[in-house]
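Annotated features, as they stand in Swiss-Prot:
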- Gln19, His116, Asn159, Glu160, Asn297, Ser428, Trp429, Lys435, Tyr437: D-galactose 6-phosphate binding site (BINDING)
- Glu160: active site, proton donor (ACT_SITE)
- Glu375: active site, nucleophile (ACT_SITE)
Amino acid sequence: MSKKLPEDFIFGGATAAYQAEGAIKIDGKGPVAWDKFLEENYWYTAEPASDFYHQYPVDLKLCEEFGINGIRISIAWSRIFPNGYGEVNPKGVEFYHKLFAECKKRKVEPFVTLHHFDTPEVLHSNGDFLNRENIEHFVNYAKFCFEEFSEVNYWTTFNEIGPIGDGQYLVGKFPPGIKYDFEKLFQSHHNMVLAHAKAVNLFKKNGYHGEIGMVCALPTKYPYDPNNPKDVRAAELDDIIHNKFILDATFKGEYSKNTMEGVNHILQVNGGKLDLREEDFEELKAAKDLNDFLGINYYMSDWMAEYDGETEIIHNATGNKGSSKYQIKGVGQRKANESIPRTDWDWIIYPQGLYDQISRVKKDYPNYKKIYITENGLGYKDVFEDNTVYDDARIDYIRQHLEVISDAIKDGANVKGYFLWSLMDVFSWSNGYEKRYGLFYVDFETQKRYPKKSAYWYKKVSETKEV
């Protein structure tokens, strides 16, 4: 039996500036840390990516043709302020005005993110968000955008504070490539939520047009053996690292007793001390009820088991199934439940985890107001044939997740839209161009777009509101 989604539900597609735009060195754009990091550590760069900088009229026309009425776009901070602050780059400002005008022309609502993993190099090399000065630079950049781009109706401050700290200071797959540093991880999370709160407080105080929220990656954590208290504790601690610390700060304006006990335990075992100031919490408390929405990025869940050894994390960047490892001293280890499917990159496919995560937000953070699923999708080594991709596995993945969203709405959650990652194939931070997510196949040499089977299926769902 099919399941319904609301008539006003947004069926969107998601992009990000650095992963889609290309044009990383033209029209006055300043460098970001990724430019050098990719050149030095990987076999690919973000040039030309999907050339969205030039191809956006094509992509937005496809949105209109395929029933996609929302798009996630991020502004490249260094395209507006090449050094992160100071002089404004007029060509960057002009580009985003043209982009938003094209969105309006095609009747596609832009949900605009201010920071999607791409701090300008000048600020990044000066400590990124570990340096409190950069919090103020971010707020000033946000203020400029709120005032300049008044045509935008939906703003998000940050995309995925969790994976930023995780990538930069735990796994080391993001610049500056530091591993296993929990002090930096939690401090980065705290300072970024503080920057978010300051931007939200400014937005509301100045009465800017539109709505504002934050996008969080929320992978659901389960105990491998629910009857083993040590497995239960491992899941709780991993949830604090990736989810609860950030959600508490955003929606409670403080860290709950349980959260701080977990953080202090992790820091005691692994070393480190946090700088949490009284004035930080004044700012966080002032903002906690002002978020207009929460964006949830959900791809997978994890099962956690007890673990006594040293920390070792191996990131599977090549699609060699089973090659990843995640075990943290004093926390636990990820242990795959063999009965649950996973991708070649060891991402566990578990739609129920999205339902459980939405339910958790509804229960623990009742001031959330509304939710958008701002990313969800299946990365695949797509086979291009007959000028398309027969991506039935992707269709199945999206269908299952839309079904549990329908269930969550029926059970009282206020979920207003879904943005598939990704609109078209884009550059992937730690996988380059092999791992594809898009509704539209991109030939990265010619930049031609081809609708996949999933694009036609998604069009039908957006028209009928049925899955």
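Glycine residues also receive a Cβ, built from the backbone N, Cα and C atoms like all the rest.
Features recorded in Swiss-Prot, as mapped to the structure shown.
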residue: Gln19; record: D-galactose 6-phosphate binding site; Cβ contacts under 8 Å, 6 or more apart: Ala46, Ala49, Ser50, His116, Ser422, Val426, Phe427, Ser428, Trp429
residue: Asn159; record: D-galactose 6-phosphate binding site; Cβ contacts under 8 Å, 6 or more apart: Ala16, Ser74, Thr113, His115, His116, Phe117, Val215, Asn297, Thr374
residue: Glu160; record: active site, proton donor; Cβ contacts under 8 Å, 6 or more apart: His116, Phe117, Val215, Cys216, Ala217, Asn297
residue: Glu375; record: active site, nucleophile; Cβ contacts under 8 Å, 6 or more apart: Ala14, Arg72, Val215, Ala217, Gly295, Asn297, Tyr298, Tyr299, Phe419, Trp421
residue: Tyr437; record: D-galactose 6-phosphate binding site; Cβ contacts under 8 Å, 6 or more apart: Gly377, Leu378, Gly379, Tyr380, Leu420, Trp421, Ser422, Asp425, Val426, Ser428
Review point. Given that the record lists Gln19, His116, Asn159, Glu160, Asn297, Ser428, Trp429, Lys435, Tyr437 as binding D-galactose 6-phosphate, what is the largest C-alpha to C-alpha distance among them, in Å?
Key: 20
Check your understanding: What kind of secondary structure is Tyr437 (D-galactose 6-phosphate binding site) part of, going by DSSP in three states?
Key -> coil
Point to revise | Conformational class of Gln19 (D-galactose 6-phosphate binding site) under the three-state DSSP mapping | key: helix
Check your understanding: What three-state secondary structure does DSSP assign to Trp429 (D-galactose 6-phosphate binding site)?
Key -> coil
Review point. Which three-state DSSP class does Asn297 (D-galactose 6-phosphate binding site) fall into?
Key: strand
